């Protein structure tokens, strides 16, 4: 996708404009349809109803066609409503293979240039496939008429690109996106943007005593990786640590998943994808903040060496864990990753994981579940998600749940107290390793993928939380 800003007098193939039921049409748009526009609006040939689209040829040579986007009553249009209008318009153009497009941002409320660039990038994303019959990709060339500077376009395009990177990773099959391949993806990002990168190998983990991460990896023939990225934009300030679960395929181990539940487990590294998407955005936009990214990467397989229910393992923090469910593996890899992140003395820790099926039961597929030990941290993050429309909902992090995680006859903790309240148990387990550090846990198991296409993209991976994470860390500088 290419973005340009040029003189409005240039020749235009398709011009996208907003049209409202209670605001006059700008004269330069009216001039394209001498003595006709008001009549067409009056009889419904051009609709001002919110979400209605009309593509019409013009009566002049400067602009070939105009796509009218109905805004309804413009003052009642929310940011997310506007986002979905742009997404619908972008997909309308894509369906007709109209690739050279000019958008008159001045006809939309507040000239939302960043939102236009972001949404066009998100909504026209194409899922990578591995079919032998290739297809032509939609190569969009967009020009914006606006008083806003290029920086707004760059921000929106960068956030869309970063989100789409996360989408691509979540979609990749587990035989191609192994732990070493995920480490390579991190290396590509680090080299492209100059981030600091460290990759811990299995021997390094053994030396550090990462028994929880290593236990999950025991059944695999593919070695684990602990991926550590650093973005330094604020000197010696303490970093914000972002930890993403990177289980590249999850069989459930000996607590094996059913045949329907195991399909799609290539996407059990959605948290890791969000972290890498964040670092892609940081590299493009360079805010004045320090960010640490930690990704524990492994698959969870079955073999004669795999860990088992009733095993007792020792984490990097020294806490012992009774294994009651080998399919509760995400919290184990996060435990060691969070412990490692604390070595950097971060000002806060945010972890993201496709952690539990329980969050889908509780909140469905539109809302991410959250736990926290810091109300202010949650409130600041929630405020950001209301702008990005990546909704979160805080679940109770209270003693009644914490005590059940600590209930074991043979170890300090157990990894799966039961199914009732399962989402909270998963987060509370991770909370046992954060100590007093301000911490936010995000369970994205319901929001990491969508079962049907929307105005913001095709079915499948969503790249959830990339945009919210970026806006949050930028404001925490």
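Each Cβ is built from the backbone N, Cα and C atoms, and glycine gets one as well.
As the structure is a computational prediction, the values presented were derived from the model and not from experiment.
Sequence-distant contacts of residue 257 (active site), defined as residues of its own chain at least six apart whose C-beta falls under 8 angstroms from its C-beta, comprise 250, 251, 265, 327. Annotated active site per Swiss-Prot: 257 (among others), in sequence order, evidence recorded as sequence analysis.
According to Swiss-Prot, the feature active site maps to 331 (among others). For residue 331 (active site), the same-chain residues 6+ apart in sequence whose C-beta sits under 8 angstroms from its C-beta are 353, 355, 415, 426, 429, 430.
Positions annotated as Mn(2+) 2 binding site by Swiss-Prot: 245, 250, 268, 329. A C-beta separation below 8 Å, combined with a sequence spacing of at least six in one chain, links residue 329 (Mn(2+) 2 binding site) to 216, 247, 250, 253, 300. Secondary structure from DSSP puts residue 329 (Mn(2+) 2 binding site) in coil.
Among the features that Swiss-Prot reports, Mn(2+) 1 binding site is placed at 250, 327, 329, with the record citing sequence analysis.
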Might you list, by sequence position, any residue in that chain lying six or more from residue 268 (Mn(2+) 2 binding site) with a Cβ less than 8 Å away from its Cβ?
245, 247, 248, 249, 250, 330, 354
Among the binding-site residues 245, 250, 327, which residue has its Cβ surrounded by the fewest other Cβ atoms within 10 Å?
327
